[in-house]
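Record features, source TrEMBL:
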| type | residues | note |
| --- | --- | --- |
| TRANSMEM | B:12-32 | transmembrane segment |
| TRANSMEM | B:52-69 | transmembrane segment |
| TRANSMEM | B:76-95 | transmembrane segment |
| TRANSMEM | B:101-121 | transmembrane segment |
| TRANSMEM | B:128-147 | transmembrane segment |
| TRANSMEM | B:181-200 | transmembrane segment |
| TRANSMEM | B:220-242 | transmembrane segment |
| TRANSMEM | B:262-285 | transmembrane segment |
| TRANSMEM | B:314-333 | transmembrane segment |
| TRANSMEM | B:353-380 | transmembrane segment |
| TRANSMEM | B:392-411 | transmembrane segment |
């Protein structure tokens, strides 16, 4: 895997908010068809790190996509490189319907340049038919949807536009067991398509189950990156809680 | 019974809020008509009502976007006055000397100046709000004071009158209408267009395989839309022009007046402007990216930004649009009065905000419709004109309008809670 060019490389990423170094010199990478977990306590800096990749925050450090250095100043730039994000808050406009949210910022237009709502709804029906066949509330504002339905709208938005790099920020936090299973299956499917996924979670078991590698953060610093098959959940927990890298301990 | 009525309206696709507003308006009209002994629902009064509503309603359509994005604009009344004064001063004191009195370019320059001034002032306020992140309440409160003061400086407080004769037509009155024939043409075109748009949307929807309204429901809606337009034109065409004004018009046009000749007003030009603005703003709100972003930003500003929407620039555009509409409203208001004094537009900002809010625009953002704001403006104006014709004192009028405003918003909050919005 190391011989190939990584899909994403983030080198020496740092960002401060009012004197607090939220992310301090962190480097991570991601290969095609790979799921990399980002672990850490609340406030460890994992969401902040990933928001620099999705364009929500601007920090310092270098980002490479397919080995080429890129500048990501805003969410539009990130989308340009096929980096899609499913935010923990889902980032849905509650007053709009599923189709309007799915295409927000990338609306389909008629030849006259007006919104083609019908085409957007038809496309939304197609993709929701694959992701969540039970979904029927196409004309309701998303505020009227259940947690799982809202989640599937957010996922559909990320998947629809041919994402090559997918960032999932605690995608199962608000879901029941059945919907969690749905997300797990989706991740396997996307992996098979060669999409690289950053999975942010603080649930060690979810990461053990879904990820190929895990990078652990504590207090804004990277504790270490490990191959999941090589570690136990106790190893990961001690990295998260004590900030101790098992690789270093062994050496 | 109640259920079947609910079912009927839900099949029609008319939401309860629109029904409530129209119901309130109808009740208001009937009550005033009964109290005044049939003097309220006359062509004459309805004509005046339509003209009086126009200026505030034009601004209310813009205020919807402002409030939907969780902002407010307190400056529109003063801005209307300031623009009105500048435009009036130029057409009274400058342009006649340069171009000659009554030159056909005067009104065009006046209109363009009013709209571009409004857009520029609005854009500047929007820039301060969006890019310097000063709250809209403060920025427009500042504008409220600045424009009112600036208005005085333009002419040292002197009233400007009379305005250009063509410009004056934009404010209504006996001359400022489409006249009988044109009104009918206008009405028929509008009715056909309304029905045509509904048919097209239905065909498009069914071509995608979506469920459409039952044929009878669509038929009733088309009949209602077409009928209302024709009915309105018919009422406006039943208001005769007074003898004096007829003589004036006949003299100006070189027509020989004969005994027993009667002319009718027809649809007033400011009302045509209002309808055009309403249609345009509705298209902008529902069918353009800009409109979609306005509502998305109002619903969840963070989500809008993460979707790549430039919310700062959006704020500038929204306030520029509000300003341009204020410019249009200023043309209507000053042309109607044929004069601009330093009081023009006083308290209009509150009428405009009240119209938008009564029309169902939520101050918490994300919700509001253009037609709602226009109906809201009509309700406000009906209430005021009605009370005036009943003989209610001005202070009591304010008290009633104030109470109605609070009551309407409370009803809206209850409705939203029940509907789970």
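Glycine is treated like the rest: Cβ placed from N, Cα and C.
Unlike curated entries, TrEMBL annotations are predicted automatically.
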Problem - Cβ-Cβ under 8 Å with the transmembrane segment (B:52-69): same-chain residues at least 6 beyond its ends - result: 76, 80, 136, 172, 268, 270-271, 273-274, 277-278, 281, 285, 294-295, 297-298, 301, 314-315, 318-319, 321-322, 324-326, 328-330, 332-333, 336, 348, 351-353, 355-357, 359, 361-363, 365-370, 372-374, 376-378, 380-381, 385
Practice task
With pairs restricted to those 6 or more apart in sequence, evaluate whether the transmembrane segment (B:262-285) and the transmembrane segment (B:76-95) have 3+ C-beta pairs under 8 Å.
Solution key: no
Practice task
Would you kindly check B:76-95, B:101-121, B:314-333, B:353-380, B:392-411 and say which stretch has the most C-beta pairs under 8 angstroms to the transmembrane segment (B:12-32)?
Solution key: B:353-380
Practice task
Using a Cβ-Cβ cut-off of under 8 Å, list the residues of the same chain that are 6+ residues beyond the ends of the transmembrane segment (B:353-380) and lie near it.
Solution key: 17-18, 21-22, 24-25, 28, 49, 53, 56-57, 60-61, 63-64, 67-70, 72-74, 274, 278, 281-282, 285, 295, 298-300, 401, 404-405, 408-409, 412, 416, 421
Practice task
Give me the stretch from B:76-95, B:128-147, B:314-333, B:392-411 with the greatest number of Cβ pairs under 8 Å to the transmembrane segment (B:101-121).
Solution key: B:314-333
